[in-house]
Amino acid sequence: FNLSSFNPGPFILLGIPGLEEFHVWIGIPFFVIYLVALAGNSVLLYLISTERSLHEPMFLFLSMLAATDLILSNTCVPKTFSIFWLGPQEITFPGCLTQMFFLHYSFVMDSAILLAMAFDRYVAICFPLRYTSILTRQIITKIVMAIVSRSFCIIFPCVFLLKRLPFCRTLTIPHTYCEHIGIAQLACADIPINIWYGFAVPIMTVTSDLILIGISYTLILHAIFNLPSRDARQKAFNTCGSHVCGILIFYTPAMFSVLTHRFGHNIPHSFHILTANLYVAIPPALNPIIYGMKTKQIREKIILPFFPKGNQ
């Protein structure tokens, strides 16, 4: 047996086993979704970076979300539709580890950014007069550093947990991208540490983010219903609308994929893989559309060049 922890040779990504005859057709919507994600998030980043009126905490977090979505899309989706159109693809062990790291890193980053955005909305609605004094530049910097460092510290150990494993069998992955447990299952060794760490730590982190987001919005709703006028309540709901949609788009397919993977043993494996690809591809494409439509400042900046007379 060729046992090697550091350079086991190339892995082969098979795509979606059982749906090979539909790969070409499945690849078309994934390609379109990728183009939408690339264009939408790039436009968001450009607008937020060039427009001084958008240099606020809410839009800073939104730009972080767009950048993270670009990382997520470029990490997985191009390889995905190349597999669909060109057949099984080879990927080196270092390349597989790199893809795995950025996949999970961007996922944890997205969750933390949504929590930061929920905190921003909580301060804006519950303490509107103290908003600028609470969310100062120093506080924003600390929040950003905490998001980046927490995500790195959670995911980086996965690289070492995989590099210590010996590989001695055919390195084929029945998936469209490399993920932690999928790589670990190919090892010729027991992987209880990988299983426990790969499942418990990220899920507990994301779950805690979701709980804190729920608490934030409970307090936000309480404050909204105590507002004196109907117009004020409507404005507050509109302010939170895009963020709530972003939360649902991110967490719903991710949680569905995790639950079906753990408990849906009677569900075909091809369905698991297709679902996993959807939560990697769809949120990065829909987020800029939702925030562009729901956020007045961004909507005006996008519409103004096309309909200048109608916005004067």
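Yeah, the Cβs are placed from backbone N, Cα and C, and that goes for glycine too.
Noted in TrEMBL for the protein shown:
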type	residues	note
DOMAIN	40-291	domain 'G-protein coupled receptors family 1 profile'
TRANSMEM	22-47	transmembrane segment
TRANSMEM	59-81	transmembrane segment
TRANSMEM	101-119	transmembrane segment
TRANSMEM	139-162	transmembrane segment
TRANSMEM	195-224	transmembrane segment
TRANSMEM	236-259	transmembrane segment
TRANSMEM	271-291	transmembrane segment
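Only pairs six or more apart in sequence are counted, and the transmembrane segment (195-224) with the transmembrane segment (101-119) gives three or more Cβ pairs under 8 Å, enough to call it a contact.
Ranked by the number of CB pairs under 8 Å to the transmembrane segment (236-259), the listed stretches 22-47, 101-119, 271-291 are led by 271-291. Beyond the ends of the transmembrane segment (22-47), by six or more residues, the same chain brings 15-16, 54, 62-63, 66-67, 69-70, 73-74, 77-78, 80-81, 83-85, 87, 274, 277, 281-282, 284-285, 287-289, 291-292, 298, 301-302 to within a C-beta distance below 8 angstroms of the stretch.
Note on the domain 'G-protein coupled receptors family 1 profile' (40-291): mean pLDDT across this stretch is 86.
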